[in-house]
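S.K.: Once you've had a glance at the structure underneath, I'll fire off some questions.
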Amino acid sequence: MAARHFLTLLDFSPAELDQVIDNAIALKKSWRSGETRDSLKNRVLAMIFEKASTRTRVSFEAGMTQLGGAALFLSPNDTQLGRGEPIEDSSRVISSMVDAVMIRTFEHEKIERFASTSRVPVINALTDQFHPCQLLADMQAYRERRGSIRGATVTWVGDGNNMCASYINAAEQFGFDLRIACPEGYEPDAKLLAENAERVTVIREPEEAVRGAHLVATDVWASMGQEDEQAIRARNFAPYQVNPRLMAMADPDAIFMHCLPAHRGEEISEDMLDHKSAVVWDEAENRLHAQKALLEFLILGA
Ligand code: CP
Ligand code: NVA
């Protein structure tokens, strides 16, 4: 049987996503109560990082260890991937030795190529186009705080980037309405928007977009690989900062999320991570448990 992959949220059904999140909540409880678990004993995860990471690396590596398995950190600097070995050849070899592969890279097409010749599940740990693992943690955090997100209004403020694209996929899979407030020229992919027109709207004015929202989320203005655009983006995105004044226009019980790392004074005000609506530290901690639930689902089967 062909391996299941997790390249975008659309690779799982809504019921499967719910199952992973339920398990993530259960794993968090059991970890916090000191229980040990060896569901992935002797299993190995290969982790290929072509971009920097704190949360993703620590959560996958610690997660495999907590489940009794092991994780290998592979960087292009010291593997043949960095010296031009074809992705498909690397995939055939690596996937013949491990139980799952996690990849953080630039072009989304690269992980699709890797997955096409992989014998084992491939996980998207962020590409320029999507960041589905972060959405598992975000949806877990929403459920823990507010229950089901179905029918809620979510507002994305800022760049139409990889996180925004995964929020668009999440709107479809979890059944919420998504408003996107971004400057002209920084919209998400037009095809993705058109495919999700029923649930997703672009609203230029951040104040109008957050009105009555149950969840407000944002991310950096310049993503990894866009460092050269930092100055121009800082100017173009200036009206799109999330701060207590903007949050005051959302629903009184609205929560605020940011996948981190954050730039205080840019996409968020200095005080936003400490605002009563902010759940960013839960969101980050949830990466650990969401990753473990995802690994169990993919390696052990549903
Ligand atoms: N949110 C997130 O993916 O963080 P890292 O880049 O630190 O992995
Ligand atoms: N959009 C950001 C997310 C980092 C977790 C980036 O791609 O750099």
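Each residue, glycine too, has its Cβ placed from N, Cα and C.
The structure displayed is predicted, hence computed values, not measured ones.
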S.K.: ASP219, SER223, MET224 bind L-ornithine in TrEMBL, but which of ASN162, ASN169, ASN196, ASN286 does that record place at the same site?
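M.R.: The candidate from ASN162, ASN169, ASN196, ASN286 that TrEMBL ties to L-ornithine along with ASP219, SER223, MET224 is ASN162.
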S.K.: Of all the binding-site residues given, namely ARG55, HIS131, CYS259, ARG287, which is spatially nearest to ASN162 (L-ornithine binding site) at the Cα level?
M.R.: HIS131
S.K.: Of ARG55, ASP219, CYS259, listed as binding-site residues, which ones have a Cβ less than 6 Å away from ligand 1?
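M.R.: Passing the 6 Å Cβ check against ligand 1: ARG55, CYS259.
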S.K.: Using CB under 6 Å from any atom of ligand 2, narrow the binding-site residues CYS133, ASN162, SER223 to the ones that qualify.
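M.R.: The qualifying binding-site residues are ASN162, SER223.
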S.K.: Which has the fewest other CB atoms in a 10 Å radius around its CB: ARG55, HIS131, ARG287, the listed binding-site residues?
M.R.: ARG55
S.K.: In the domain 'Aspartate/ornithine carbamoyltransferase Asp/Orn-binding' (151-297), how many residues does DSSP put in helix, strand and coil?
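M.R.: Result for the domain 'Aspartate/ornithine carbamoyltransferase Asp/Orn-binding' (151-297), in helix, strand, coil order: 62 helix, 25 strand, 60 coil.
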S.K.: Give me the CA-CA distance between GLN80 (carbamoyl phosphate binding site) and SER223 (L-ornithine binding site), in Å, as a whole number.
M.R.: 26
S.K.: Minimum Cβ neighbour count within 10 Å among the binding-site residues CYS133, MET224: which residue?
M.R.: MET224
